[in-house]
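Visitor: What follows is a single structure, and I will ask about it in a moment.
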Amino acid sequence: MNATKTVRLWDFPVRLFHWSLVIAIVTSWWTNQELMIDIHALAGYCVLALVLFRIAWGFVGSSNARFSNFLTGPRKVFGYLMKLPTGGVTELTYPGHNPAGGWMVAVLIVLVAVQAISGLFASEDTFLFFDGPLVAYASSDIARTMNFIHHTNINLIYIAVGLHVFAALFYLVVKRENLIRAMVTGMHHVPESIAAGFMQIRFASPVLGIAILVVCGLAVWALVAVARGG
Ligand code: HEM
Ligand code: HEM
């Protein structure tokens, strides 16, 4: 059996982003009915702040968190997918998102962003009497369209998250590669033969990450406060 080495894979801001996003999405989903619309909106604002943070981190974060690192051309994606049925762990293990997973990450981020943004314009006027903070600034046509998007896009999120979790479990069970633990602890166990690739990752300062996250949180809070106050 190949000797393995423990290497650092994901920085703290990426992990904080991921699990906070999961909690915020599940909370918005859980609270969309009943009389918990305020919590629903609050969790949605958190999603928005997290997405803004992740976009910034995709440009200034650790090397393997950058979009330029994991959004690759169709040739690489196709080549990777062709290797998937036969390739062993060594061949398929990347010091970041793999070429197909990278695009899935982009899809997930766009879908949750669309959900949170459309929520700002969504309204419910039969029993909750709740208007998203930007409803007052939109024409009724735009508000109606956004409401429609908010109710439809959630189905795409179900599908994308379903595929995403399925892929993580597929790696765990079939490929015997625990990507989930790596997303929790930041550390990954890889064959010694490919450990050098992981040593190349340049980690950005976690303090910078937290600072950007706080700024994104404040920006969303300010947007909502000004929109509600105005
Ligand atoms: C609401 C549900 C979820 C959403 C929206 C979501 C979204 C994302 C996003 C955007 C990333 C990219 C992280 C980054 O680069 O910043 C990611 C990565 C990841 N997620 Fe999730 N996730 C969800 C649930 C889960 C769950 C339940 C698991 C575990 C079973 C999981 C396991 C992972 C793993 C292992 C990665 C890293 C993939 C890789 O190594 O390329 N996710 N997820
Ligand atoms: C990414 C975060 C969000 C998720 C996952 C989410 C999810 C949902 C879901 C599943 C529904 C019910 C759709 C249906 O019954 O077909 C819903 C309805 C709604 N959401 Fe969101 N939402 C999010 C963010 C927001 C935000 C930020 C706001 C406003 C501040 C908002 C306001 C509303 C309103 C007003 C409704 C209509 C309630 C109704 O028609 O019963 N949502 N949302």
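Backbone N, Cα and C atoms are what each Cβ position is placed from, and that goes for glycine too.
So TrEMBL says this about it:
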type     : residues : note
DOMAIN   : 10-186   : domain 'Cytochrome b561 bacterial/Ni-hydrogenase'
TRANSMEM : 12-30    : transmembrane segment
TRANSMEM : 42-60    : transmembrane segment
TRANSMEM : 102-122  : transmembrane segment
TRANSMEM : 156-174  : transmembrane segment
TRANSMEM : 207-227  : transmembrane segment
Visitor: To the transmembrane segment (156-174), which of 42-60, 102-122, 207-227 is linked by the most Cβ pairs under 8 Å?
Guide: 102-122
Visitor: Mind checking which residues reach the transmembrane segment (102-122)? Cβ under 8 Å, same chain, six or more beyond either end.
Guide: 21, 25, 28, 41, 44-45, 47-48, 51, 54-55, 67, 69-72, 77, 96, 132-135, 138, 142-143, 146-147, 149-150, 153-154, 156-157, 160-161, 163-164, 167, 227
Visitor: To what whole number does the mean pLDDT across the domain 'Cytochrome b561 bacterial/Ni-hydrogenase' (10-186) round?
Guide: 95
